[in-house]
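Q: Dropping the structure in here first, questions after.
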Amino acid sequence: MYPILFSIGGVNFYSYGLLASIAFFSGALLIINLAKKNKLYYPQLFDHLLWLFLAALFGARLSYFIVYNNQFNYWYEFFYLWNGGMISYGGMLGVLLAAVYIFKKDRLKWLDIIGLAFLLGVFFWRIGCVLTGDHPQIPYSGFLSINGEFPAILIESLLGIIGFAIFFKLFDKLKKIPGLVFFQIILFYGLVRIFVDNFRIDPEMIGLSTGQVVGMLLVVAALIGIILIRKKSNVT
């Protein structure tokens, strides 16, 4: 693992922080470009994107703090972000709540674009997790092994960029029904978590990992959302 990429003058540069920053800036550029292309205008957009990033950061960290509370000795360790420790679905929820509050007009169209940025962010964010080694995974000694563990987080990262490429390619077709891209991305990511979390060591609920339970909830919510917006658009 490489939690510290390099040091200059005694100042450490952490892999997690670098990859989280790349996730934010790449997502922000994507949102700005797609907003221009789709004629979506919002005053002070970059300021609002910063708030979305902070909401993602807070949601991801808070969910990790709750699920893995046994890893923390003191409450203020919540702010030790350089040690890693974030949960992507918490970040997704944080962004969703912030976006619903911020974007009053064309909300579903904005969520479609933000959903794409989320998948792109998962790719970079999870690479930061791999370098930090903050998520325990099942023991594995095959050729894909990373430090004696199954590379579940790396697979999630790769599935994130694959999903991004697919939905980016289909975006112009799917965007005709506002919200369809977003809910299909939620469905996709829910299925990814149900699969990937088979290979992680996480706290369990009803015999399933926390991530799998959340993944199932995402799938159900996404299917309901898809049905409702299709009915509203009179599309079957």
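For all residues, glycine too, the Cβ spot is worked out from N, Cα and C.
So TrEMBL says this about it:
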type     : residues : note
TRANSMEM : 13-34    : transmembrane segment
TRANSMEM : 46-67    : transmembrane segment
TRANSMEM : 79-103   : transmembrane segment
TRANSMEM : 110-128  : transmembrane segment
TRANSMEM : 148-168  : transmembrane segment
TRANSMEM : 180-196  : transmembrane segment
TRANSMEM : 208-229  : transmembrane segment
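Can you walk me through where each of these features ends up in the structure?
A: Remote same-chain residues near the transmembrane segment (110-128) are listed as 15-20, 22-24, 26-28, 30-31, 34-35, 38, 40, 42, 52, 56, 84, 86, 88, 91-92, 95-96, 99, 103, 153-154, 156-158, 160-161, 163-164, 167-168, 171, 174-175, 178-182, 185-186, 188-189 (criterion: CB distance under 8 Å, separation of at least six residues from the stretch ends).
Here the transmembrane segment (148-168) has long-range neighbours at 88, 115-116, 119-127, 129-130, 135-142, 174, 181, 184-185, 188-189, 192-193, 196-200, meaning same-chain residues at least 6 beyond its ends whose C-beta is under 8 angstroms from one of its own.
Beyond the transmembrane segment (180-196), the same-chain residues lying 6 or more positions past its ends with a Cβ under 8 Å from any Cβ of the stretch are 89, 92, 108, 111-112, 114-116, 118-119, 122, 152-153, 155-156, 159-160, 163, 167, 170-171, 174, 211-212, 214-219, 221-223, 225-226, 229-230.
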Q: In the same chain, who gets a Cβ under 8 Å from the transmembrane segment (13-34) while lying at least 6 residues past its ends?
A: 2-7, 40, 45-46, 49, 53, 57, 81-84, 86, 113-114, 116-118, 120-125, 127-129, 131-132, 134, 171
Q: Near the transmembrane segment (46-67), which residues from the same chain, at least 6 beyond its ends, have a CB less than 8 A from one of its CBs?
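A: Distal contacts: 20, 24, 27-28, 31-32, 78, 81, 85-95, 97-99, 102-103, 114, 121, 202-203, 210.
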